[in-house]
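Peer 1: Dumping the structure here so I can ask a few things about it.
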Amino acid sequence: MKLRILGLTLAAAIVGSASAQAQDPVEACFVYVGSKTDGGWTQAHDIGRQEADHLMGDAVTTKFVENIPEGADAERAIERFARSGCDIVFTTSFGFMDPTIKVAKKYPDVKFEHATGYKTADNVTSYNSRFYEGRYIIGQIAAKMSKTGVAGYIASFPIPEVVQGINAFLLGAQSVNPDFKLKVVWVNSWFDAGKEADAAKALIDQGVDILTQHTDSTAPMQVAAERGIHAFGQASDMIKAGPETQLTAIVDTWGAYYIKRIQAVIDGTWESQSSWDGLKDGILTMAPYTNMPDDVKAMAEDTEAKIKSGELHPFTGPVKKQDGTQWLADGETADDGTLLGMNFYVEGVDDKLPQ
Amino acid sequence: MRLELEKRSEHSTFYSIASPFIAIGLTLIFGAILFAVIGKDPAEALYIYFVSPLTSTWSLHELAVKSAPLILIGAGLSLCFLSSNWNIGAEGQFVMGAVFGSMMPIVFPDVQNTFVLPLMIIMGMAGGAAYAFIPAFLKTRFGTNEILTSLMLVYVAQLFLDWLVRGPWRNPEGFNFPESRTFHEYAILPEVLESGRAHYGAVFAVLAVIGLAVLLSKTLKGFEIQVAGQAPRAGRFGGFSAAKMTFFAFLLSGALAGLAGISEVSGAVQQLRPVVSPGYGFTAIIVAFLGRLNPIGVLFAGILLGISYLGGEEAQIVLGLSDKITRVFQGMLLFFVLACDTLILYRIRFVSTRTPALAMGEN
């Protein structure tokens, strides 16, 4: 008898909590490393958060905290969210990886999602975007549009994600023009308009006639516009900075991913994973192809469609490393593990990779 | 008419003590006005900023984590500034303490025993002190300006750390990301209590405050420090060496900054990263002055600044206030403290000018 009452109480408690869950909105919380109006990385994440907030209506409330330094402060900011009743916490900088893992251990009922890292746990997912797919497309466009056969690349930090981008760009270009060359300048910053502009000028003076960047300010686009050459936008559509200059831009569209993952929490289907979405999932999109002849545009659209369908993998052999040794055999595609730890250039990069 | 500052012939003991409290009161009043202007309830905002960080065990622990490095560095700097040695490079000494102290778990990860942690702490202090030795040496040997040299060495230290974690000290299992391997369990500064993550860095901070307070008030060395600052000529007649004092002040403040660095890395972060300090070494300069260059004062000043950081974060989340408000707050606090101190030593005098040109300008 006692047992039965206990069972009934338990059942009631479970039903009660389940219906409470259905009524309460899921709380999604975001920890940003920069300012949400930085015009680049953090802003792209915040636009994703706002999309989730608007499109998912009453089912979701969102919170955020910005300008959190990586280190001891990050752990506090993440834990503050975890203990304040957030159901899912997105931490959007690589340096938040270990703090996220540490806090997640203490709060097993809260879901965590960490961007651009490699560690996961039962309640921690790692997510990233296959930016390199977009880089391959813009590489092809660059090779078609360039007269000198040399492009300039303004790079931030020599981490695998950036190295992937450089290699994918060059492989795309070489698929059009096998002799295409690439010059790289490292500015050691994600956002520094002054340094980026200087790098752009230096590259143009060295004879490049097309620019691309893995940094977040619009300064290179503006320099390219002044000097009358073409360039590609990064993270956001930068067409306003160079209406006659931008060919296309690789736009981070995190909203699609955030909505998918928050919905999984609502449905109770959330599971830990290593997520690395690409063009086909809508986590990155190409800005309109402009300022180029129709045949180049047609080629870019065709490549984009092939990458989405899985017909084309940007890292497909034969590919040699910069030192001339074979990396990928004919027809072989790179595995994700190698890409995630990429610390070498492919053949044709006119630069020594900082180690 | 213009304003002039005139030195007071004597100053009130009462106001000397009351001045920091008046400054805090003024900050609160102007903070409330600020919140009212941007349309937030001032009472709620001030509660979130200054009281809510003290209301839970969790946030008290976090407060200790945040304030400990500020107090450790600030206490050392207050002594250094008292002796008229201007060490602006504590940020660099903090970084070098972190780097030297981390050598054991990163370069010799297989050495795992109970001696590792004490060795790390000693090496951290030695690293900070050694780095502070450079501007002290340059000052005493070549007469260089220690404000400039110590400040410039900050950037050198930051770039050195950046190079280490991207190159030789990069985690071999870390997919080439710029960070060191994580420390093994023998290299982690333990937490003081079960209830939260405050580590022994907080204990070091309190011990340093007590030690320096005793040194300053009870020992000959303390007297020597005060003389060196207030009457260097008298000090020379008294047989105190200015050069020795410079070395003493720099090495001591450097060692404490280094101790803060290794405590932060070993206790809170548990690995080396391209950046290990959100500017503790610079904020500690504010802490030292806010604490009126007195170790006990520094203890309270460090806690107060820690509260404003934690409260600022909470206000961001709960009230949707920008984190810039925290900076404005800290700026106001420092401004009022310095203004109050100035007014204790000086009085404002209105001087009416008779120069016709100026008089005309007024019309």
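Backbone N, Cα and C define each Cβ position, glycine as well.
Feature list, courtesy of TrEMBL:
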- B:12-38: transmembrane segment (TRANSMEM)
- B:58-82: transmembrane segment (TRANSMEM)
- B:94-109: transmembrane segment (TRANSMEM)
- B:115-134: transmembrane segment (TRANSMEM)
- B:146-165: transmembrane segment (TRANSMEM)
- B:198-216: transmembrane segment (TRANSMEM)
- B:237-262: transmembrane segment (TRANSMEM)
- B:282-307: transmembrane segment (TRANSMEM)
- B:328-348: transmembrane segment (TRANSMEM)
Peer 1: Of the stretches B:94-109, B:146-165, B:198-216, B:282-307, B:328-348, which racks up the most C-beta pairs under 8 Å with the transmembrane segment (B:237-262)?
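Peer 2: Comparing B:94-109, B:146-165, B:198-216, B:282-307, B:328-348 against the transmembrane segment (B:237-262), the winner is B:94-109.
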Peer 1: Mind checking which residues reach the transmembrane segment (B:94-109)? Cβ under 8 Å, same chain, six or more beyond either end.
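Peer 2: Same-chain contacts beyond the flanks: 69, 73, 116, 119-121, 123-128, 130-131, 154, 157-158, 160-161, 164, 169, 180-181, 183-184, 186-187, 257-262, 264-266, 272, 276-277, 280-281.
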Peer 1: Answer with yes or no whether the transmembrane segment (B:328-348) touches the transmembrane segment (B:58-82) by the criterion of at least three Cβ pairs under 8 A, sequence separation 6 or more.
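Peer 2: No; fewer than 3 Cβ pairs under 8 Å.
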Peer 1: Tell me, please, if the transmembrane segment (B:12-38) and the transmembrane segment (B:328-348) are in contact, taking contact as 3+ Cβ pairs under 8 Å between residues separated by 6 or more positions?
Peer 2: yes
Peer 1: What parts of the chain pack near the transmembrane segment (B:146-165), using Cβ distances under 8 Å and only residues at least 6 beyond its ends?
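Peer 2: For the transmembrane segment (B:146-165), the far contacts come to 85-89, 91-93, 95-96, 98-99, 131-132, 134-136, 138-139, 178-180, 246, 250, 272-276, 281.
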